[in-house]
Structures are given as C-alpha cells and as structure tokens.
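Asks: I'd like to ask some things about the structure below.
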C-alpha cells in the first residue's frame, strides 16, 4: 500500500522519461491521425454592403395533360361508328383513333399504291393526270394481293362476296400514288336493253307544289348568321329503294363486255374518273377491237350506276345483264 500521495508523483529517471515519450509519439502516430476536413473561408468584405440577388424560380414548361370523358349515357360512349367509312373505334384511345384515321384516309382518298415493276398501262389520249392499269389473272401474285385490298374497300359500300371471280379483268385508276377508282369487267355473251323503270324518281325531280324550303339564315336583331348545311351521302340500299327496279326487253342482245362493278373513292367523285375507266375498258377489253359505248353492258345498276350508264351511253336504253 502506498504510504504517501507524494510517492505517486515521484520523479522518474531521465532515460526512462525519454523512452516513455518516444513510445507515446510512436503510439500517437500509429493509432491517431488527425485530419482537417474543413478549410476556413476568408471573410467577404462586401458581405454587408451588397444587395442580395433575387431568387429565380425555374418553372417546368413541359406539362402533361390527361383527357377525360364523361359518361352521360351516350349510345356511342364506348364505340363510335364512323358515318363515312363505317369503322367502329373508341374515342379517346390514341391507338384506336390512329387506326381509324389511317383507314378513313385510305377509304376516302384511296389505298396507297407505289406502282409495279411491270404495269399494263392503258393509253388514253383524253387523260390529263393519273393512269389506268389493267390487271389480269396472268399477273404476279403480289399484284393480286393489291387488287384484293382494293376490292375489300369496294365491298364496304356495294356489298361483299360477288365482285371478283377468276375471269374478271380489273382496271385501276391511279393518281398521286393512290388508287382513286376501280372497275371490274367480265366477258359475257348476251345482255338486255333497258326500256323503263317502275317507281323511278328522277335525280333532279321538280319540287312539289306548296313545298317550302327551309331557310339557311338565322337573324337575331341586326345579327345575321348563316346555317351550315351538311348533305348526307345516300348509300346503296337507300338509292335502290328510291330508284326501284329496272325493266328490260325480253329478247336478249349480243354483248361481249359486262361492267360488273365500278367504284370511285368518295373524295374523287365527280371528276370524270369513272368515264376514263369506261373508256379504258371499251378500248382494251377485246384485243384488236374497239367497242362502242352502247355495246357496254352494266350489271343491275343502282341509281348512281344508272345515272352513269345513261350519261356515258347517251341513252336511257342501255344494256343490262
């Protein structure tokens, strides 16, 4: 036991103290490394005199919006049918609307057609723009696939399952890299001359007596507004009801070419394309022989087909089969 406290502070020899100091420095160098991680900044002499800079808020210019639709019991809320091309699509669905727009453009303006390597082009002096191409059964399979695509477009308006068969010849009117019209012709042996129609209503019929026309202007005081009038395109079924059946002679007439079907895209109608197709058929259907306009026969024409046949042949007594 230690007798006095002074004994605890008893001095050590010089050699012993130097050894202890050396051991202490070695221990500090091995175990403890003091690293200064902070550097003191110099004071800014203008810190108290300069005005603080205004803080600029960066706004995100790109904003995303979501289109919502409210269901109030609309009949076409989920599926809407296009009145022109007949395709049903979902409004608000980007992929569905894109598919509809592409099909709608092909239906109204024509299917895209970049041309074939070997085309049987019918020469027509009266044709200013575009060209008429003849397709026959001897053409390559790739040509037939394009014809079938065009026929599917025709079937939307004039019915399916009857337009094309193996003996048909197809005439395409191509303009601006699109198929603007198509005519399907077939060889026949006889036809019948149209004599009259029952229950037919003229296309440009006179107005009934006492019939009043609806005004297209609206007036509120001094302000006058013009009402926009949209004309509905009459489809094939409606035109058949209006025009009624056609009557023909009982005695057949010899014929060589029958116009089985003819169809022009909606945006290219009233431009003389159907007449150019009929001219191509008349001049090329029989090799080495140019048929007369009255020698072309038409298969059960609708109101539009009857008007075309009458205008092209120059008589209402054209041939039908």
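Placement of Cβ uses the backbone N, Cα and C atoms for every residue, glycine included.
Caution: TrEMBL annotation is automatic and unverified by curators.
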Asks: Select from 1-22, 23-44 the stretch of residues annotated by TrEMBL as region 'Disordered'.
Replies: 1-22
Asks: Calculate the per-residue pLDDT averaged over the domain 'N-acetyltransferase ESCO acetyl-transferase' (254-321) and state the result as an integer.
Replies: 93
